[in-house]
There are 2 protein chains.
Amino acid sequence: MKCLVLLSGGIDSTTCLALGVKKYGPSELLAVTAYYGQKHAKELQAARNVAAYYGVAHREIDVSQAFTLSDCPLLAGRKGAIAHTSYSDQLAAKGGAGTLDTYVPFRNGLFLSFAAALAVSVHASCIYYGAHADDAAGRAYPDCTPEFEQAMATAIYEGSGKTCRLEAPLLQWNKAQVVRQGLQLQAPYHLTWSCYEGREKPCGLCGTCRDRAAAFAANGVPDPAL
Amino acid sequence: MKCLVLLSGGIDSTTCLALGVKKYGPSELLAVTAYYGQKHAKELQAARNVAAYYGVAHREIDVSQAFTLSDCPLLAGRKGAIAHTSYSDQLAAKGGAGTLDTYVPFRNGLFLSFAAALAVSVHASCIYYGAHADDAAGRAYPDCTPEFEQAMATAIYEGSGKTCRLEAPLLQWNKAQVVRQGLQLQAPYHLTWSCYEGREKPCGLCGTCRDRAAAFAANGVPDPAL
């Protein structure tokens, strides 16, 4: 295996996988999807479908034990409601910057560490993940900031004995540009799931639904998953 | 909770817990022990006993999924033998430096990330772990080097929204000095387990048994667990 790809089943990680398939070919990739105790399994099924579409080896991991003490409303059984406004409106309500309620404690650090353990085990020389330019906006999620990501990249490189690098191939693009790249690569966006809610159809109202809709609108195409 | 302590059940982490108890008191600590698929459960039982001795809240996590693709001989079901020589002899056999066979891929990164997720959930402002001055010797374990540890400390601080710091209170001491501190604190070394093998008694031959014996000998006291 040459590259491990973190695959959540949304459009960013699916675009990441499309780039990995183009660069390395499907047989050199291992896609990894994490269950972290989220309220629904829609995105897990989406990840399975995307990996199967490309014929890429796929593993699921369960890191939900790490979050049993958290009250984040994305997690199953928590009472807090998921905000039905855009990220920018949520940030504005916090004075323009601050950690959003949908921050799952150190979730990305845990995903990346799990990925590193698996990547080193299969002698992969890189880990792809779907961070992009919008992620750090307003510092809404501390585990999406450049400072965090650079530190994790160093930790993975050093902690793997300099055998494995963390790479964020979408990092220079905003979400609309990510979708533009994915459309060019014919990424299977019809199989993806982004919504924080777990209903039959995406709610269209949560921050991630609004972000996704804006990215397709910016490219002048309908969302193929709707 | 003020502080999360990673507790493996060996003498380093037990000394770390003793320092935490002294500084914060037992009711402000959460001890966390990881099962990673190791060949035996001796150290898990030791960790339970040490946490109970101090009356500290204790959680066990299972991160073994991360290592199902690894062939490290510390892991259950793997065929490779655990070396019965000292670390320094093992390093000498590799020309003085290099990754030992008992490196579990990115294990410490995963432990620290799990600890960070739990620490942020309980609003702890620090994580104690038992790294000490001998750990980086010969760079035997890439996830014990200063470069790795500093990067993880930055990742945890940034990724927690600057609410949680990683601290290694033993870092300035070698193993003999760690034991000296622990003896002064009356750490319950009689309850600890270090051996890589899982027999009724420690083997006395593996790298960690030899290290431990040397540390007690340097302090002129018998090992109370023998």
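The backbone N, Cα and C atoms fix where each Cβ goes, and this holds for glycine too.
Per TrEMBL, these features apply:
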| type | residues | note |
| --- | --- | --- |
| BINDING | A:L7, A:S8, A:G9, A:G10, A:I11, A:D12, A:S13, A:T14, A:T15, A:C16, A:L17 | ATP binding site |
| BINDING | A:C195, A:C203, A:C206, A:C209 | Zn(2+) binding site |
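Same-chain residues with CB within 8 A of the center of the A:L7, A:S8, A:G9, A:G10, A:I11, A:D12, A:S13, A:T14, A:T15, A:C16, A:L17 CB atoms, the ATP site residues themselves not counted, are A:A47, A:V50, A:G130, A:T192.
Highlighted in sequence order, A:H84, A:S194, A:Y196, A:E197, A:P202, A:G204, A:L205, A:G207, A:T208, A:R210 have their Cβ within 8 Å of the centre of the Cβ atoms of A:C195, A:C203, A:C206, A:C209, the residues recorded for Zn(2+), and are not part of that set. Rounded to a whole number, the C-alpha distance linking A:L7 (ATP binding site) with A:C209 (Zn(2+) binding site) is 18 angstrom. Among the listed binding-site residues, namely A:L7, A:L17, A:C195, the Cβ with the most fellow Cβ atoms inside 10 Å is that of A:L7. Sequence-distant contacts of A:C206 (Zn(2+) binding site), defined as residues of its own chain at least six apart whose C-beta falls under 8 angstroms from its C-beta, comprise A:I82, A:A83, A:H84, A:C195, A:Y196, A:E197. Most Cβ neighbours within 10 Å, among the binding-site residues A:I11, A:C203, A:C209: A:I11 holds that distinction in the structure as shown.
Ranking the binding-site residues A:S13, A:T15 by C-beta neighbours within 10 Å puts A:T15 at the top.
Mapped onto three states, the DSSP output places A:S13 (ATP binding site) in helix. With respect to their backbone Cα atoms, A:C203 (Zn(2+) binding site) and A:G9 (ATP binding site) stand 17 Å from each other. In the three-state DSSP classification, A:C209 (Zn(2+) binding site) falls within a helix.
Remark: A:G9 (ATP binding site) has A:T33, A:K42, A:E43, A:L44, A:Q45, A:A46, A:A47, A:R48, A:N49, A:V50, A:T192, A:W193 as non-local neighbours, by Cβ distance under 8 Å and separation of at least 6 in sequence. Across the structure, A:S13 (ATP binding site) and A:C209 (Zn(2+) binding site) place their CA atoms 15 angstrom apart. A:L17 (ATP binding site) sits 21 Å from A:C209 (Zn(2+) binding site), taking the CA atoms of both as reference points. Cα of A:T15 (ATP binding site) to Cα of A:C209 (Zn(2+) binding site): a span of 17 Å.
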